[in-house]
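As recorded in Swiss-Prot:
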type     : residues               : note
SIGNAL   : 1-18                   : signal peptide
DOMAIN   : 20-90                  : domain 'Sushi 1'
DISULFID : Cys22-Cys62            : disulfide bond
CARBOHYD : Asn27                  : N-linked glycosylation site
CARBOHYD : Asn32                  : N-linked glycosylation site
DISULFID : Cys49-Cys89            : disulfide bond
DOMAIN   : 92-151                 : domain 'Sushi 2'
DISULFID : Cys94-Cys136           : disulfide bond
CARBOHYD : Asn117                 : N-linked glycosylation site
DISULFID : Cys122-Cys149          : disulfide bond
DOMAIN   : 154-212                : domain 'Sushi 3'
DISULFID : Cys156-Cys197          : disulfide bond
DISULFID : Cys182-Cys210          : disulfide bond
MOTIF    : 267-271                : motif 'MIDAS-like motif'
BINDING  : Ser269, Ser271, Thr344 : Mg(2+) binding site
CARBOHYD : Asn297                 : N-linked glycosylation site
CARBOHYD : Asn340                 : N-linked glycosylation site
DISULFID : Cys470-Cys590          : disulfide bond
DOMAIN   : 471-752                : domain 'Peptidase S1'
CARBOHYD : Asn474                 : N-linked glycosylation site
CARBOHYD : Asn478                 : N-linked glycosylation site
DISULFID : Cys499-Cys515          : disulfide bond
DISULFID : Cys593-Cys609          : disulfide bond
DISULFID : Cys647-Cys674          : disulfide bond
CARBOHYD : Asn663                 : N-linked glycosylation site
DISULFID : Cys685-Cys715          : disulfide bond
Amino acid sequence: MAPLLALFYLLQLGPGLAALFCNQNVNITGGNFTLSHGWAPGSLLIYSCPLGRYPSPAWRKCQSNGQWLTPRSSSHHTLRSSRMVKAVCKPVRCLAPSSFENGIYFPRLVSYPVGSNVSFECEQDFTLRGSPVRYCRPNGLWDGETAVCDNGASHCPNPGISVGTARTGLNFDLGDKVRYRCSSSNMVLTGSAERECQSNGVWSGSEPICRQPYSYDFPEDVASALDTSLTNLLGATNPTQNLLTKSLGRKIIIQRSGHLNLYLLLDASQSVTEKDFDIFKKSAELMVERIFSFEVNVSVAIITFASQPKTIMSILSERSQDVTEVITSLDSASYKDHENATGTNTYEVLIRVYSMMQSQMDRLGMETSAWKEIRHTIILLTDGKSNMGDSPKKAVTRIRELLSIEQNRDDYLDIYAIGVGKLDVDWKELNELGSKKDGERHAFILQDAKALQQIFEHMLDVSKLTDTICGVGNMSANASDQERTPWQVTFKPKSKETCQGSLISDQWVLTAAHCFHDIQMEDHHLWRVNVGDPTSQHGKEFLVEDVIIAPGFNVHAKRKQGISEFYADDIALLKLSRKVKMSTHARPICLPCTVGANMALRRSPGSTCKDHETELLSQQKVPAHFVALNGNRLNINLRTGPEWTRCIQAVSQNKNIFPSLTNVSEVVTDQFLCSGMEEEDDNPCKGESGGAVFLGRRYRFFQVGLVSWGLFDPCHGSSNKNLRKKPPRGVLPRDFHISLFRLQPWLRQHLDGVLDFLPL
């Protein structure tokens, strides 16, 4: 422990008193532990165990008398232990079904070890809904969905009896209610204890689940649950589109003229270490960047709290709608703002949110659509239960009343309560705070702060978006190459080399004109374009309806001047025979100078094409990417301005390709972007022509060029396209890419009505 920290605790005890440090004999059999402030009073000791085991007890706290405070086996109380209970790692087990109506399950055990399965079968005339086989996971929870045997005879479907719960209520018609409780007092019920069959045939509230006190959620489960509510809120743009599908449940439709208020509440109380608070901040930053990458109007509030809340950013500020300002404010949030406050006052931080809402309503007018159409999402990140102030549930009630949250306005408020760590997280309190909606979960407990960061890194999976929102790739760690660049397509015109292209709408592909050099264009109906991953079920072949090649392209145009190949106007369009269904494997990239790209860049509606070029290519060295034949995303640096002039000089020095060239501009016109000056720059291979040259801005991707030609082929002579050779000594590699900013007139001529273009 740091000397200054030890001195702080001595001073806290007052003059003449000595701090009593706690006993260090606190090891756990089969596990480890961490200390928040060494062995001094106030320090928190947290135990951890290998996957599939849990610590008992979970934690201890060093008191001022030098004794350890140890929790009861119950998840709701603590006591001062008269003797030290030996800490051990115990095996995790999953709860057994307490009842299964109209069917059987097997094997029948009191509880189930990690790795075991339980199977469900229905009686005759009943149909199984949910998972027929469920697997006991290392976090103490079953995978899959609750198995239910139903005959469909009632107004609402049989709500089932989830594992570990007991239900009263056998009728499922309109107005009927069912009630749930846990079959053991040691368990904690999350979800709705009471549900009512509604006129729309859906049960009110959310499915109740009983959990062991030591159970927790995996990051992928939480990310999936958040996606259900947030992905479609951010991606849906057509208010008349029917988005209700069985797999996704509820959808929030927000028009481009609508608005989302996002409130991020970060716990900074004493039980949160400064390191974990920094992870809270990083997670919030990831959330902000992801949400601002979608095409909706967003205001973000940031509030840190311990004994009292501190507003870092208010939704009432214009700055709350600027992603840069929001992230700057997040960075400025300091753990030390609350260093003298030891409590966790969740009520006060929620009342601060209520006050913001009240002020905004007063400003906009209670009866105006500007106020009524705002959606509100609250995300509470905490590592413990509220231990001071009024009941947080009362604050939630006031918020719901202010927003008039009733059955027909339930979609206008989502509250996510995320507990981090197993120190003193109160399942009951989290469940009371989280929203209750059919098919969704809003209360979670994660094992640690690192798991929280994983959620925000992997959330908002675009595979669920059904409209043609452009330039969105799946950046999660487990995404495939095609999911990261879903606009990438490949095709092979007859006997020519494979070429690449980019999906720019649901039916049009942009590529290079030289892919069609010396072939019979009337045979285009025989070509096949591979969209999606051609090596998996997600890949599909499309026929070509039409080919449009820039009329100025002629590879032999300057042969008489001693220039064997000339690639000006090296651009073409393919119209597919049918529209591509949007998915995580197939989605268009954003083309600059279009309305879609303008919204993705979050620029004002009055922006111009020149504004886009300035924003995307203003630096003399611009990091960008292209996609290799094997699907890998490779890196280049585009050169502009004076650096472009330096970059193209290598052409005149290459006497093997251009033996008599005296003026570089005869070969490299201002249509071309240049790369290859950096040693770490990748060089495209033959067969990668026509692919997108693109760059990213806040999780959205924009095509600024397409691969055209180069001075060095790193794959020449190699049958393995995964191996790229370095250029031999004396050879200066350079690559040239058609700039989409220079061929705007041609693009507008042929894509008018397909894409909405901005003024030049």
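Even glycines carry a Cβ here, placed using N, Cα and C.
Cys515 (disulfide bond) carries a helical DSSP state (H, G or I).
DSSP states for the domain 'Sushi 2' (92-151), grouped as helix (H, G, I), strand (E, B) and coil, give 0 helix, 27 strand, 33 coil.
Ranking the recorded positions Asn27, Asn117, Ser269, Asn297, Asn474 by the number of CB atoms within 10 A of their own CB puts Ser269 at the top. Computed over the domain 'Sushi 3' (154-212), the whole-number mean pLDDT of the model equals 91. Cβ neighbours of Cys122 (disulfide bond) (same chain, under 8 Å, six or more residues apart in sequence): Asn102, Gly103, Leu128, Cys149. Helix first, then strand, then coil: DSSP counts for the domain 'Sushi 3' (154-212) stand at 0 helix, 21 strand, 38 coil. Separation of the C-alpha atoms of Asn340 (N-linked glycosylation site) and Ser269 (Mg(2+) binding site): 9 Å, rounded to the nearest whole number. Taking a C-beta cut-off of under 8 Å and a sequence gap of six or more, Cys62 (disulfide bond) has these contacts in its own chain: Phe21, Cys22, Trp39, Ala40, Pro41, Gly42, Ser43, Leu44, Leu45, Trp68, Leu69. Annotation for Cys647 (disulfide bond): spatial neighbours Arg639, Cys674, Ser675, Gly676, Met677, Arg734, criterion Cβ-Cβ under 8 Å with sequence separation of six or more.
DSSP assigns Asn663 (N-linked glycosylation site) to coil, not to a helix or a strand. Separating the Cα atoms of Cys182 (disulfide bond) and Thr344 (Mg(2+) binding site) is a whole-number distance of 28 Å.
For Asn117 (N-linked glycosylation site), the recorded positions whose C-alpha atoms fall inside a 10 Å radius of its own C-alpha are Cys136, out of Asn27, Cys89, Cys136. Looking only at Cα atoms, Cys685 (disulfide bond) sits nearest to Cys499 among the disulfide-bonded residues Cys49, Cys89, Cys499, Cys590. When the C-alpha distances from Cys210 (disulfide bond) to the recorded positions Asn27, Cys49, Asn297, Thr344, Asn474 are tabulated, the minimum falls on Cys49. Geometry remark: Asn297 (N-linked glycosylation site) versus Cys609 (disulfide bond), CA distance 22 Å.
According to DSSP, Cys593 (disulfide bond) is assigned to coil rather than to any helix or strand.
Annotation: Cys590 carries the greatest number of neighbouring Cβ atoms among the disulfide-bonded residues Cys156, Cys590 [cut-off 10 Å, Cβ to Cβ].
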